[in-house]
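A.B. asks: Okay, these came from Swiss-Prot:
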- 16-36: transmembrane segment (TRANSMEM)
- 27-134: domain 'EamA 1' (DOMAIN)
- 45-65: transmembrane segment (TRANSMEM)
- 71-91: transmembrane segment (TRANSMEM)
- 107-127: transmembrane segment (TRANSMEM)
- 142-162: transmembrane segment (TRANSMEM)
- 187-207: transmembrane segment (TRANSMEM)
- 196-325: domain 'EamA 2' (DOMAIN)
- 216-236: transmembrane segment (TRANSMEM)
- 254-274: transmembrane segment (TRANSMEM)
- 282-302: transmembrane segment (TRANSMEM)
- 306-326: transmembrane segment (TRANSMEM)
Amino acid sequence: MEEVKKRDCMEKARPFISMVVLQVGLAGMDILSKAVLNKGMSNYVLVVYRHAVATIVMAPFAFYFDKKVRPKMTLMIFFKISLLGLLEPVIDQNLYYLGMKYTTATFATAMYNVLPAITFVLAYIFGLERVKLRCIRSTGKVVGTLATVGGAMIMTLVKGPVLDLFWTKGVSAHNTAGTDIHSAIKGAVLVTIGCFSYACFMILQAITLRTYPAELSLTAWICLMGTIEGTAVALVMEKGNPSAWAIGWDTKLLTATYSGIVCSALAYYVGGVVMKTRGPVFVTAFSPLCMIIVAIMSTIIFAEQMYLGRVLGAVVICAGLYLVIWGKGKDYKYNSTLQLDDESAQPKLELSGNGKDNVDHEVITISKQGEQRRTAVETV
């Protein structure tokens, strides 16, 4: 009995642990990416190398482990995979990196917290989320969505005084990038468009998994298509600049390898697995943890300055985000209860006879929601 309880507890905690570990990995990617972007690495080339590494890592696992579960590739599934490779690896990541160039790693990560709100709206439009305004859990999700949008606007438009942290004292303002309002607005717009693209990716991934329920294979395909499509974009954007493709045994290679393995290969796979049970909104609901880690590390490594207005905006975003999480948690419990009720409501028929071919009567027992009724039926 004790073992069963432990197993159930671990089963319930697994999605939460997976998402927390994933956010720690994403925070490391943000720090490394900001470092190589500051050194002049092309974000378009970084995206290509990142997904090339992810494809090489995931392809053998997908080929071996998905042999029995991989469905037949159809034209519609391939179209969806091609679109998935465009939405997240190409559009979202390039816009996110560009937004980070104009601002800071902390700002870009904090702005990314509007992702669950955008995902929630799109999930509602595509019928993956239910909203009943008279129900408190739905109200919480709607209010939380509005709060995240308001917090993003505060972060973008309100700067406020500099917060003097003991490890950033004496750092001059010119050492911090992206502190003016124009850079903030430009970066916020780019990151927000990237968030919308990523939200579309999450919704389409959830839909694709219904007809192609092989997570490893889907991840490998997305990374491959992201590499091909990203290469086409990079060749156009870096035309006449072959030096942009140069890479050696340095932080560029480390960033591409780390991002490819942890933040593309593992992130797509883990996100797909958790999404099948918890939905796309749950998967995107842990981004504030990444923001906190990046904010602390950025002030130490890059000497980024913290502004009161942006901290307040981030707090509002987090508050709204956890309202969405609270509503999703209530949804999950409610749906689980309904499923149990439906299972217990199904009638069970038990036929008992005297063991002979020709019987005088049979007793049919109908059990429904704990109630038993016995009816004697005489047969000819």
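Cβ coordinates come from backbone N, Cα and C, glycine included.
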A.B. asks: Give me the stretch from 16-36, 45-65, 107-127, 142-162 with the greatest number of Cβ pairs under 8 Å to the transmembrane segment (282-302).
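C.D. replies: The listed stretch sharing the most Cβ pairs with the transmembrane segment (282-302) is 16-36.
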A.B. asks: Please count the residues of the domain 'EamA 2' (196-325) that DSSP assigns to helix (H, G, I), strand (E, B) and coil.
C.D. replies: 111 helix, 2 strand, 17 coil
A.B. asks: Please figure out which one of 45-65, 71-91, 216-236 racks up the most CB pairs under 8 Å against the transmembrane segment (254-274).
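C.D. replies: The stretch I would name here is 45-65.
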A.B. asks: Flag the pair the transmembrane segment (216-236) / the transmembrane segment (142-162) as in contact if three or more Cβ pairs fall under 8 Å (sequence separation 6 or more).
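C.D. replies: They are not in contact.
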A.B. asks: Using DSSP, how many residues of the domain 'EamA 1' (27-134) fall into helix, strand and coil, respectively?
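C.D. replies: Each residue of the domain 'EamA 1' (27-134) counted once, the result is 84 helix, 0 strand, 24 coil.
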A.B. asks: Short question: which residues 6 or more past the ends of the transmembrane segment (187-207) have a Cβ under 8 Å from it?
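C.D. replies: Cβ under 8 Å, 6 or more out: 80, 83-84, 87-88, 91-96, 98-103, 107-108, 111-112, 114-115, 118-119, 121-123, 126, 128, 152, 155-156, 178, 218, 268, 271-272, 275, 279-280, 283-284.
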A.B. asks: What is the pLDDT of the domain 'EamA 2' (196-325) when averaged and given as a whole number?
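C.D. replies: The answer is 86, the mean pLDDT of the model over that range.
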